[in-house]
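Chemist: Dropping the structure in here first, questions after.
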Amino acid sequence: MERGPVVGAGLGAGARMRVLLGCLVKVLLWVASALLYFGSEQAARLLGSPCLRRLYHAWLAAVVIFGPLLQFHVNPRTIFASHGNFFNIKFVNSAWGWTCTFLGGFVLLVVFLATRRVAVTARHLSRLVVGAAVWRGAGRAFLLIEDLTGSCFEPLPQGLLLHELPDRRSCLAAGHQWRGYTVSSHTFLLTFCCLLMAEEAAVFAKYLAHGLPAGTPLRLVFLLNVLLLGLWNFLLLCTVIYFHQYTHKVVGAAVGTFAWYLTYGSWYHQPWSPGSPGHGLFPRPHSSRKHN
């Protein structure tokens, strides 16, 4: 007869604990939602500013031109100085894949939610296809430059022995080393991805200003792109500090900037192109005319 009250008290305590946990979860979800909303609004405002985007281009140029000077002031044994570090293997070597995945999801959501048209969405996504072609073409061009400017060497204890093998393939097949002018493909790719992502993400400010649906999934995808953009900037800085020769890095960044200019700065403004980011997504204000 004495167990009834004890069991009832235990059930009451368990119910109160579940209620408290439920309230705690709701509070945490509310805080996370508020932070997501605030962070996406502020990031969209920053990326949507034309003045800040111009300053961002100047920042990238300063990183590539003056960043190598930091090699005299940093620890050369840090993890980022190793070619085999986690970020270099998992992110830099696959930078275009990460960019396409995150940015493709963002462009897909923004364009489709704004227009509800599959054809328009596909047209805007085709900019990523063009970007992939640019990356593949640049990589092949860099290899061609290395082949045309290189020579075959055999490492010896006394130094390097020059061989008269005609091309890179036969040199490597013989177990030797081919050394030519190597444009930094990592610097090219990271610069191109930074400029591309900043241009694409800038549309979100106008998207929000037009009052289009911006739920949690879209805001989360947008912030993931902002974080990835920040990571590319950091890894670009690490690349210019620790790896490659100075002119190789500058040329790679210059080619990446030129590729961005040819596409986003020029071609995408033409009617026969995939279109610039945000083109055709937002209604144009109609000027009211007074009739007498």
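Don't overthink the numbers, they just go from 1 along the chain as shown.
Just so it is clear, glycine is given a Cβ too, placed from its N, Cα and C backbone atoms.
A TrEMBL annotation is a machine prediction, not a hand-curated record.
Pulled the feature table from TrEMBL, pasting it below:
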type: ACT_SITE; residues: His186; note: active site
type: ACT_SITE; residues: His244; note: active site
type: SITE; residues: His248; note: site 'Important for catalytic activity'
type: TRANSMEM; residues: 19-38; note: transmembrane segment
type: TRANSMEM; residues: 58-75; note: transmembrane segment
type: TRANSMEM; residues: 95-114; note: transmembrane segment
type: TRANSMEM; residues: 188-208; note: transmembrane segment
type: TRANSMEM; residues: 220-243; note: transmembrane segment
type: TRANSMEM; residues: 250-268; note: transmembrane segment
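How about a rundown of where these features are and what they're close to?
Modeler: Contacts of His186 (active site) defined by a Cβ separation under 8 A and a same-chain sequence distance of 6+ are given as Val92, Ala95, Thr239, Phe243, His244, Gly252, in order along the sequence.
Counting every protein chain shown, the Cβ of His244 (active site) has 19 other Cβ atoms within 10 Å.
Same-chain residues at least 6 positions away in sequence with a Cβ under 8 Å from that of His248 (site 'Important for catalytic activity') are, in sequence order, Tyr181, Thr182, Val183, Ser184, Thr187.
Listed as Cβ neighbours of the transmembrane segment (19-38) (distance under 8 Å, sequence separation of 6 or more from its ends, same chain) are residues 216, 219-220, 223.
Among residues of the same chain six or more beyond the transmembrane segment (58-75), those with a C-beta under 8 A of the stretch's C-beta atoms are 81, 187, 191, 194-195, 233, 236-237, 240-242, 246, 249-250, 253, 257.
With a cut-off of 8 Å between Cβ atoms, the residues of this chain six or more beyond the transmembrane segment (95-114) that come close are 120-121, 124-125, 127-128, 131-132, 135, 186, 189-190, 193, 196-197, 200-201, 203-204, 207, 210, 212-213, 217-218, 221-222, 224-225, 228, 232, 235, 277, 281-282.
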